[in-house]
Amino acid sequence: MAEASSDPGAEEREELLGPTAQWSVEDEEEAVHEQCQHERDRQLQAQDEEGGGHVPERPKQEMLLSLKPSEAPELDEDEGFGDWSQRPEQRQQHEGAQGALDSGEPPQCRSPEGEQEDRPGLHAYEKEDSDEVHLEELSLSKEGPGPEDTVQDNLGAAGAEEEQEEHQKCQQPRTPSPLVLEGTIEQSSPPLSPTTKLIDRTESLNRSIEKSNSVKKSQPDLPISKIDQWLEQYTQAIETAGRTPKLARQASIELPSMAVASTKSRWETGEVQAQSAAKTPSCKDIVAGDMSKKSLWEQKGGSKTSSTIKSTPSGKRYKFVATGHGKYEKVLVEGGPAP
């Protein structure tokens, strides 16, 4: 169980120490390279002094090799997340450099004489290529940093700014809430007597009342005049509804003629009603049709009798007399024969 618990801690440590080890390896490689370069420069200067003060210019390949190591760590850095297990050559170099540093011996660098022996034909065209080398140096010095370098610089600057902001936020003192302040004040202050508590309470109540009064004053006044008018109208409506409605007297209409005036006076006196009662027939068997026929007989009178009388060829005259409802009787008319 102890081994299982210690394994994850060791893995975490290895993950944390990975980038630091990578950075330390790169720093050591740069230091070794700089030492080798300084030794080469010293040996070249010593040879030049012995040879009569002529300073041979470094060949083009050496200049390019001297420029490459400064760019190599940035390209191989991979922002601290490279897998060093896939680079056995670099690991061997790192182990060799560490052994040299631990033993205290200076790092072994190839002498320029050996390089000249390996490359005997380089001095022949040193003078010819010197101008080209100077131009390339100037162009390389004038060229700005590559896009990868600028991206890495921007990322590094952004990360540094974010870290500074987080650090400032952590260092900023938090503003305590009013409840916490009240609690601290109450704890720091000595215990108050009941009279002081009552005084404080009354003062707070008075302040709240003053605030409420100020709010009420700021509110607009209600239209009291309109309310009074509405009350008056309401009371008047109640009074008029409670009273019994009086019949309005109609204006007298002028009667057009004297006949109407006489009938009016007769109605007022009651003569018309008496006359109508007297005119009503006593017999209840009479129908409206019979009454109309009776009126016709009365109006025409003798003309009807003359018309109903008929003469026969014998010279006698007869007439029909109504004996009942729809019944007539033939009666001989006394008198001489028809003319």
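Placement of Cβ uses the backbone N, Cα and C atoms for every residue, glycine included.
Per Swiss-Prot, the feature compositional bias 'Basic and acidic residues' maps to 32-43 (among others).
Swiss-Prot lists 51-61 (among others) with the feature compositional bias 'Basic and acidic residues'.
Per Swiss-Prot, the feature compositional bias 'Basic and acidic residues' maps to 117-140 (among others).
Sequence annotations record features per position, and here Swiss-Prot assigns compositional bias 'Polar residues' to 185-196.
Positions annotated as compositional bias 'Low complexity' by Swiss-Prot: 300-315.
DSSP assigns S24 (phosphoserine) to a helix. The Cβ of S24 (phosphoserine) has 13 other Cβ atoms within 10 Å, all protein chains considered. Annotation source Swiss-Prot lists phosphoserine at S24 (among others), citing a large-scale study or a structure entry.
Summarising the annotation, Swiss-Prot assigns phosphoserine to S111 (among others) and lists a large-scale study or a structure entry as the type of evidence.
Residues or ranges marked as phosphothreonine by Swiss-Prot: T175.
The phosphoserine annotation in Swiss-Prot covers S177 (among others) and rests on similarity to another entry.
Look at Swiss-Prot and you will find S188 (among others) tagged as phosphoserine, backed by a large-scale study or a structure entry.
If you look up Swiss-Prot, you'll see S189 (among others) marked as phosphoserine.
Residues or ranges marked as phosphoserine in Swiss-Prot (evidence: a large-scale study or a structure entry): S193 (among others).
According to Swiss-Prot, the feature phosphoserine maps to S252 (among others), an assignment based on experimental evidence.
In the structure as shown, the Cβ atom of K327 (N6-acetyllysine) sits within 10 Å of 9 other Cβ atoms. Classification of K327 (N6-acetyllysine) by DSSP places it within a strand. Swiss-Prot lists K327 with the feature N6-acetyllysine, giving a large-scale study or a structure entry as the kind of evidence.
What Swiss-Prot lists as region 'Disordered' is 1-198 (among others).
Here Swiss-Prot flags 294-315 (among others) as region 'Disordered'.
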Could you break down the residues of the compositional bias 'Basic and acidic residues' (32-43) into DSSP helix, strand and coil, giving a count for each?
12 helix, 0 strand, 0 coil
Cα of K327 (N6-acetyllysine) to Cα of S24 (phosphoserine): how many Å, rounded?
158
